[in-house]
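Here's the structure we're looking at; comments come further down.
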Amino acid sequence: MDPSLVLEQTIQDVSNLPSEFRYLLEEIGSNDLKLIEEKKKYEQKESQIHKFIRQQGSIPKHPQEDGLDKEIKESLLKCQSLQREKCVLANTALFLIARHLNKLEKNIALLEEDGVLAPVEEDGDMDSAAEASRESSVVSNSSVKKRRAASSSGSVPPTLKKKKTSRTSKLQNEIDVSSREKSVTPVSPSIEKKIARTKEFKNSRNGKGQNGSPENEEEDKTLYCFCQRVSFGEMVACDGPNCKYEWFHYDCVNLKEPPKGTWYCPECKIEMEKNKLKRKRN
């Protein structure tokens, strides 16, 4: 593989990104303007009701209160819809970057393996956001099997670095794992399947575990979620049996807190609905 060809191909691949980003940002800006207008509408109607209550008291009902309430709810629903559209547009932009970046990183790795490109020497003292994002530590497939085996025997490993054992937490960089280690309540396999699983992925910059010894877990470079990036921060697992993404970043699926019960990603929900329709037709 020729580095010059890789560079040329990468430049060609990203040549349309500026126009694509311009369109996405214009759409987000347009939705922002619509949001402002809708907000003005429902705030105006709310002020009418509050003004009447201040003048007449809370006992008498505003003559147009039912109509105003209906219009306020419609405006709020419209705002919610616009916000969702903005999230989809923003995630689309993120996906475009992640896709091109992932392809570039794979090509760089191939060039390094072929010996035509010198590996990048990482400075242990460098404290940049780029380094932190590339060093995000995730669990390997072997650790998943170990955790499942422990769960079947009625116990759960105490460390939060095992996959699918932590309910909630935040991304942490350069911390002492022992100071943040939390206990986990044992969960039986039957109950575990019914719980929407969430996971925290930590990054230990110095590569040491609780006792200062090198970590035995291999770095998992598997790509998850719609954005096709590695695991980091707060993530939730899809309970769909055939989900091709498995894990999702909270921001990519518009989650702020762990879902209760089983949770399915948008694609699995659509697939489930299709299967229901097929069964009804048959």
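Every residue gets a Cβ built from N, Cα and C, even glycine.
Features of the protein shown, as given by Swiss-Prot:
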type	residues	note
BINDING	Cys238, Cys243, Cys265, Cys268	Zn(2+) 2 binding site
COILED	35-86	coiled coil
COMPBIAS	129-143	compositional bias 'Low complexity'
COMPBIAS	191-203	compositional bias 'Basic and acidic residues'
COMPBIAS	204-214	compositional bias 'Polar residues'
MOD_RES	Ser183	phosphoserine
MOD_RES	Thr185	phosphothreonine
MOD_RES	Ser188	phosphoserine
ZN_FING	222-271	zinc finger
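Those residues of the chain, other than Cys238, Cys243, Cys265, Cys268, with a C-beta within 8 angstroms of the mean position of the Zn(2+) 2 site C-beta atoms are Asp239, Gly240, Lys244, Tyr245, Glu246, Phe248, Tyr264, Pro266, Glu267, Lys269. Fewest Cβ neighbours within 10 Å among the binding-site residues Cys238, Cys268: this applies to Cys268. Residue counts for the zinc finger (222-271) under DSSP, split into helix (H, G, I), strand (E, B) and coil, are 9 helix, 10 strand, 31 coil. Around the Cβ of Cys265 (Zn(2+) 2 binding site), a 10 Å sphere holds 23 further Cβ atoms from the protein chains shown. Around Cys243 (Zn(2+) 2 binding site), the same-chain residues six or more apart in sequence whose CB sits under 8 Å from its CB are Tyr264, Cys265, Glu267, Cys268, listed in sequence order.
Across the zinc finger (222-271), mean pLDDT in this model comes to 85.
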